[in-house]
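Below is one structure, written out as structure tokens; the observations come after it.
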Amino acid sequence: MKKYLLDLKVADNVRLHPNYCLLKLTSEETLPEMIPGQFVEVRVDGSSSTFLRRPISVNYVDKDRNELWLLVQLIGDGTRRMAEYRQGDTMNVVLPLGNGFTIPDSDQEEKNLLLVGGGVGTAPMLFLGAVLKSKGFHPIFLLGGRTKNDVLQLDDFAKFGDVCITTEDGSLGEKGFVTNHSILNTKLFDTIYTCGPKPMMVAVAKYAAGKDISCEVSLENTMACGFGACLCCVENTVEGHVCVCTEGPVFNTRKLKWQI
Amino acid sequence: MANLNVNIGNLQLKNPVMTASGTFGYGIEFADFVDLTQIGGIFVKGTTIEHREGNPYPRMAETPAGMLNAVGLQNKGADYFANNIYPNIKDIDTHMIVNVSGSTVETYVECAEKIAALDKIPAIELNISCPNVKHGGMAFGVTCAGAAEVVRAVRKVYPKTLIVKLSPNVTDVTEIARAVEAEGADAVSLINTLLGMAIDAEKRKPILSTVTGGLSGPCVKPIALRMVWQTYNAVKIPIIGLGGISNWKDAVEFMLAGSSAIQIGTYNFVDPAISVKTVEGINDYLVKHGFKSVTEIIGALEV
């Protein structure tokens, strides 16, 4: 896919949570095509300690409003600065980057698809679910957080599929981790897509491997460029070291050398 | 429009702006962002005779105004380059220059011979300064004898333009520059990365898998400028200056300090279009100050 270097306009920046903001970016031109699982590299202006761009996964693309949504977890100076962008500000973005999740052929719409997200890893699941629903699938979301306040965008997820939730304190949904949720014992899935903290993804991959379910994970290795030039973000795979930014960020777990 | 042509040995460049090895892939990675033919030259990823997987992840740490890397010369080897990559880049209308690395004098020579056979590669950059490999690399570049030995051996088999990339991790860079000039190098490029380190205080662990890595970005610019200026006053062969260049003004400073041409490295990650913007910026500077040719500013620092 052709990559673009664009100045986008901030349409809205909503603080969904003390540690998360939802940036909605737009442009006078039609935004480039993006597919679920891809990411963008954002240049953060006005943060002296932030040198490199920040890779952020595509949370959602609202074609009607020509908006790209980025769910940003405020971790360091760069992402905290991103939370300060206001409507009308300009943000320089490289996009779209990376591959995407595998979308099954649309004649397979009976397939049971589970989308598992934890923390900021729920971000790409919204766009993935939206695209799956638009193609006739009935995705099930399984979202995890520490408390009920940490499970974000629930109204948006509900538009595209059934939503299952786990929280570590039991304040919303079932108590525990995503891999403890009862849906995993009551329904057999054909494909699982997951993104979140590595221990969570490894646990999901283990569950999938145990039931011989195809499993795709989205990785977030630290990277500099985002398009295959610096070779910093490599993951060890059956094909050796490959760049997460170009060969991923989505990998079938069969390709990875994880201990599962 | 000023005349932007410069020469590096027998190599004629349409302008002095090139891109540094390891920061610009094989050029094609940037084709969506810039017109590659507007760049003076592209130094492609470090190439070794053998396929190398590089160092384990993590390989990168962001630092104030820069970054550390410990990639470790990951590449698929000279044969793969010749058979699979060269055909896709050979007709790009700019100079494609291969950065050649090795672990012994013999592997440097073997790799240089392989690349010499490729018609459309007019020059190599001999990398005797990579800080991220255990054998070879910087080991050759930190002593005059080691640098001289590898350049002497490669010079015998490589008839085209031979550029030697110098390490800043030495007591006196001018001694190394003189040593490679004496062995017939056509030009030197400097600086490669500075050996550095980053620590995660919370985990009490190093951030890089290799503990130490190579520092690059704007934070190294003053050191690079100083070394270029010292080297300009020590050797007669042309200098290609690099180290933290992130705009046309930095590029002009490197040329005033004595660089005949410059390379943009790490900043390609921040602004993938910076190379062509720098060409335009240099031209505007020359016009504004009444210079007809960019060669007029090479070493024009008034001390």
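Backbone N, Cα and C define each Cβ position, glycine as well.
According to TrEMBL, the domain 'FAD-binding FR-type' annotation covers A:3-103.
Same-chain residues at least 6 positions away in sequence with a Cβ under 8 Å from that of A:Gln73 (FAD binding site) are, in sequence order, A:Asn19, A:Tyr20, A:Thr79, A:Gly119, A:Val120. Taken from TrEMBL, the feature FAD binding site applies to A:Arg54, A:Pro55, A:Ile56, A:Ser57, A:Leu71, A:Val72, A:Gln73, A:Gly78, A:Thr79.
Sequence annotations record features per position, and here TrEMBL assigns [2Fe-2S] cluster binding site to A:Cys225, A:Cys230, A:Cys233, A:Cys245. Long-range neighbours of A:Cys245 ([2Fe-2S] cluster binding site) (same chain, six or more residues apart, CB within less than 8 Å of its CB): A:Pro55, A:Leu97, A:Gly98, A:Met223, A:Cys225, A:Gly226, A:Phe227, A:Gly228, A:Cys233. DSSP assigns A:Cys245 ([2Fe-2S] cluster binding site) to a helix in the three-state reduction.
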CA pair A:Cys230 ([2Fe-2S] cluster binding site) / A:Arg54 (FAD binding site), Å rounded to integer, equals 15
Mean pLDDT across the domain 'FAD-binding FR-type' (A:3-103) comes out at 97
Binding-site residues A:Ile56, A:Thr79, A:Cys225, A:Cys230, A:Cys245 with CB under 8 A of any chain B CB, in sequence order, are A:Cys225, A:Cys230
Same chain, |i - j| six or more, Cβ under 8 Å of A:Ile56 (FAD binding site); the result in sequence order is A:Phe39, A:Val40, A:Glu41, A:Val42, A:Leu70, A:Leu71, A:Val72
A:Arg54, A:Pro55, A:Ile56, A:Ser57, A:Leu71, A:Val72, A:Gln73, A:Gly78, A:Thr79 bind FAD per the record; greatest CA separation between any two, in Å, is 15
The number of other Cβ atoms within 10 Å of the Cβ of A:Cys225 ([2Fe-2S] cluster binding site), counted over all protein chains shown, is 30
